[in-house]
Amino acid sequence: MSDMDNIIHEPKERQNVHYYFDQMSGVWVKMPISWEQHHEFVKPIVKQIKETCPAWSDKYDIIASLRASNYDLDDCIATYFTIGDTGVMDMPDRYPGGNAAMVKEKEDKIRSLEAKLTKLKSDYEEACRVNKVILEENEKSLSELRKLRDQLSESEIEAKTAHLRVVSMQQERPMTARPMTARPGTSRTRRPKTPEIETAPPEPEVLTLQCEPEPEVGPVIDDETLKAVNKDVKEVDKMNKSLKHLVKTGFEDLKQLTQQAMGGLKQLRSLDTNTSSELENIKVLYRKECLQRKILYNKIQELRGNIRVFCRCRRDDRVECSLQFPTDHEIQCTNPAGGVKKYKFDRVFTPKSTQDEVFTEVMPIITSCVDGYNVCLMAYGQTGSGKTYTMMGPSDNPGVNLRAVTELLKICNEREKIRYTLKVSLLEVYNENLQDLLTDKDSPNLDIRMQGKRLLVQGLTDVVVRNVDDIQAVMAKGDANRTTAATKMNSTSSRSHLLLMIFVEGVDTVSNATSYGSLTLVDLAGSERIAKTGATGQTLVEAAAINKSLTSLGQVFTSLRTNALHVPYRNSKLTHLLQSSLSGDAKACLFVNVSPDAENISESISSLSFGSNARQVALGKATQNVTKGQ
């Protein structure tokens with residue numbers, strides 16, 4: 001006895017686990033892998049994986065991968081191809097050990113790169129540490145040298161001051177002073193006798209004798225004072241020479257430390273360059289692995305014929321975006337109850353994405369109609385979520401429609417050996433009626449007919465386009481005739497489903513073979529909630545017709561996803577027109593447009609769930625429509 005039980009490992013994620021009831025112990029026990037591969041739920045999934053990946057023959061490995069990917073088929077297959085390389089299809093020949101050998105080689109390579117990166121980081125940190133120590137020593141030496149320089153300056157000032165004092169004292173001694181002489185036999189000195197002044201003979205008059213004043217004698221400096229001053233001067237000079245020697249030695253040490261620092265910086269730059277080169281190589285290898293994974297995944301999707309689903313969030317600067325974008329393939333939202341849910345798509349475009357980025361992603365799918373494939377691209381979402389902007393766009397920044405036709409004309413003109421004819425038709429599904437938008441008068445009753453695998457609309461106008469001017473004229477005329485109305489959610493809400501149908505016929509002038517391709521670009525009217533849009537009267541009737549046709553489209557996707565015996569294409573005019581694009585002979589792509597406003601989170605979750613279910617639809621491999629020449 002077994003059962004599929006859901007265990008919540010984290011509040012934000014639900015994990016699927018197989019259990020069986022053990023009657024002996026009376027408890028639920030996790031099912032072994034050897035038992036699980038025979039379970040009714042797992043057997044078809046394993047079979048589909050083995051059909052998609054013939055080289056993957058280990059059932060135990062498949063079950064383990066399914067468990068790890070939460071039984072998500074696409075995630076399981078993507079995981080398998082992620083650990084492979086371009087030779088994954090011939091894995092048994094290239095890897096005699098099978099999957100384990102390939103995984104071991106990848107792990108060894110990763111470990112080697114990680115070890116090399118760790119060593120580079122360690123060398124880088126050691127060089128930074130050494131350089132830091134050298135810089136600190138330099139700072140310390142500079143500080144000491146500054147102190148020595150200040151001391152030297154003070155010593156020089158003191159030496160100059162002492163020298164000036166000596167000179168000044170020597171200059172203050174009288175130049176005319178004579179040395180004192182000692183008397184014979186004694187040690188006492190005496191002043192020299194002043195010479196006597198001769199006088200003239202007395203005259204009758206009394207004369208006054210006048211003598212020259214004796215010069216003043218300055219302070220006397222003895223030998224002891226001179227010796228002390230001389231000793232001080234010598235000490236100052238000695239200190240000056242010592243300081244000069246210290247400064248010279250310090251500058252030499254600083255020069256050596258500077259040279260070491262420069263060498264450390266050069267080594268650091270070299271290590272930084274090598275580290276940057278190694279990191280760049282690792283990034284290149286990672287991007288290469290991602291590109292290989294994407295190419296292989298796209299090939300698998302093309303072989304299975306899965307509908308490619310892209311999600312685009314509208315840019316609205318008036319509100320704060322309530323959605324998160326963890327990766328280029330995931331979008332995360334929080335429901336009103338507080339639960340967090342992630343959705344995976346082939347590509348997720350953020351509000352900052354441009355029209356060029358969107359068209360670049362879908363261009364390979366669109367341009368394949370030139371080679372004889374039928375291609376269909378639809379835009380789905382609530383009203384006001386940016387569907388018409390994505391498909392039509394303004395005149396100065398056109399959307400997918402105008403860019404697609406322009407690119408098709410460019411490709412047709414580049415292929416000189418093939419003569420192409422491009423015909424364009426534009427119609428809308430309004431209140432379950434088909435209306436031709438390229439005619440000025442009221443459209444007659446258009447009828448849908450299937451001619452083999454091709455869908456024909458009798459009475460529909462088709463216009464041959466040869467250049468960009470023809471395209472713009474057709475698009476302008478169709479846009480002017482389209483039905484719109486103002487609602488509370490959108491001032492120019494589309495009240496109909498718009499279909500731009502492009503038919504490409506090419507004749508090879510060498511082989512005379514003829515190819516027939518078609519491109520159907522669908523701008524679906526927005527799903528509406530009457531309580532929010534405030535639709536009344538005729539607008540209410542239009543809203544009912546829109547919701548009915550979108551419900552029919554959802555029923556078609558559900559039938560295709562579950563491989564139902566009957567697919568209700570004729571439940572509405574819209575699904576009837578898309579029958580040739582969804583019946584297994586075309587490449588299909590779906591844009592899910594969502595609003596960033598938290599007020600519209602319920603509608604956004606509904607649109608994301610619709611796109612997630614559509615991504616599980618496998619239409620089968622598309623075929624070319626080519627007839628050989630006579």
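Cβ atoms here come from the backbone N, Cα and C positions, even for glycine.
Fair warning: this is a prediction, and the values are worked out from it, not measured in the lab.
Copied over from TrEMBL:
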type	residues	note
BINDING	Gly381, Gln382, Thr383, Gly384, Ser385, Gly386, Lys387, Thr388	ATP binding site
COILED	103-165	coiled coil
DOMAIN	306-617	domain 'Kinesin motor'
REGION	171-202	region 'Disordered'
Winner by Cβ contact number (other Cβ atoms within 10 Å) across the binding-site residues Gly381, Gly384, Gly386: Gly381
Thr383 (ATP binding site): tally of other CB atoms within 10 A of its CB: 26
Surrounding CB atoms that lie within 10 Å of the CB of Thr388 (ATP binding site), all protein chains: 26
